[in-house]
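TrEMBL annotations:
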type     : residues : note
DOMAIN   : 12-345   : domain 'Acyltransferase 3'
TRANSMEM : 51-74    : transmembrane segment
TRANSMEM : 95-117   : transmembrane segment
TRANSMEM : 137-155  : transmembrane segment
TRANSMEM : 167-188  : transmembrane segment
TRANSMEM : 194-216  : transmembrane segment
TRANSMEM : 228-248  : transmembrane segment
TRANSMEM : 260-279  : transmembrane segment
TRANSMEM : 291-315  : transmembrane segment
TRANSMEM : 327-348  : transmembrane segment
Amino acid sequence: MNTPSFLSGRNIGLDLLRAGLILEGVLLHASRSLPGENGWYYVAQRDPSELFTAFLSMFHTFRMEVFFFLSGMFSALVVLRKGQQMFRDNRLKRVLAPLITAYLFLPPLMYIIAWQMKGTPLTLAGWLHSYSMMHHLWFLVSLSVMSLVIPPVFYQFAARQLERLSLPWLLVTLIALANICFFLKFLVKGQGEFIELVPVTARFLVYYAAGYALYVNREKIATYVNSWIINKWLIAGMALVTWLGFYVVAHHHIASALKYLPVLAGSVLSFQLAYWLVFIFERLPVKENPLLTGVVDSALIIYLLHYPVVITFSWLMDVWLPANLSIIYVLINCFIGVAFSTLCYLLIKRSRIASMLFGLKVKTKKAAVPVAARL
């Protein structure tokens, strides 16, 4: 890897990785209605497809973790190249604005959808109470805190401390910190989503700070990239162990503390993949084109808007699709969610105001050139 040129310009490979991690959330939410251990808005009366759901659970152990790692890395890039004020302005437009926009309409919309599915009465108190739930918007809340609340000096301090460690010891340190935060969330369980988000944000802050430190200390990438700790076969083995662990938990309906063993294995996998995927996708020979740019630019809006769609169709489709077609049921639901959200993205993109509300780049109108100047 040519570290002096690491992220010297826009890297479409890493942009695609970040977009893919966001969009996989559509598939995850489409699958949550299958029977399992976790409650959901609607649980379908069909086969659980344990191997399939275990695979998605394995993927879920690193999806948002790698996303926050990438976010921290790109944050460091913007801060060091364009300054802290430019970074704050960017986060206000690209993170906080879509969060506020989605939060205004999503909770009451989900309240109405729950009323349709469960038949609970609609009340003003229920409508107001709906705003106590963040649904899938939690990651934008956490990202806003990391970008706009936590002072830059914290990330600079973290980068200096992490620079001293070899990659194996770096991963051991990060895994320990993240898992401490993971267990802290049980101390506030049942205290409300916003309180429970505090240890969750602290956990993902570890990934964000690690990504930030990677860019700051990018001269160490040459030693990181060949480390045994991120060997592809070791990572594949850890992924397999994590997958089988989730399968055993689901198949045997394990409800004791043992059910968290694959989660802990996934925490190791998540840090291994965070570094390995960055090093792989940064070198992908992918050139920018309109299709790839569209996928990258639409990812956040698709993720924001798919949520009520896939939950609604998980309920509607359950009455006509055979119970043994669980995977087909999930894939069709995922496709509907992506298709509907993509259509919304295309409509939003046509409006300057809607684009600003959802954090899209607003195209500046070209000034009209006088006829005399063109002659």
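Using the three backbone atoms N, Cα and C, a Cβ is placed for every residue, glycine included.
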Check your understanding: What stretch of 95-117, 137-155, 228-248, 327-348 shows the most Cβ pairs under 8 Å to the transmembrane segment (194-216)?
Key -> 137-155
Check your understanding: When you scan the chain for residues with a C-beta under 8 Å from the transmembrane segment (228-248), skipping those not six or more beyond its ends, what do you find?
Key -> 50-51, 53-55, 57-58, 61, 167-168, 171, 254, 261-262, 265-266, 268-269, 272-273, 275-276, 279
Check your understanding: Relative to the transmembrane segment (260-279), which of 95-117, 137-155, 167-188, 291-315, 327-348 accounts for the most Cβ pairs at distances under 8 Å?
Key -> 167-188
Check your understanding: In this predicted model, what is the average pLDDT of the domain 'Acyltransferase 3' (12-345)?
Key -> 94
Check your understanding: Ranking 167-188, 291-315, 327-348 by Cβ pairs under 8 Å to the transmembrane segment (95-117), which is first?
Key -> 291-315
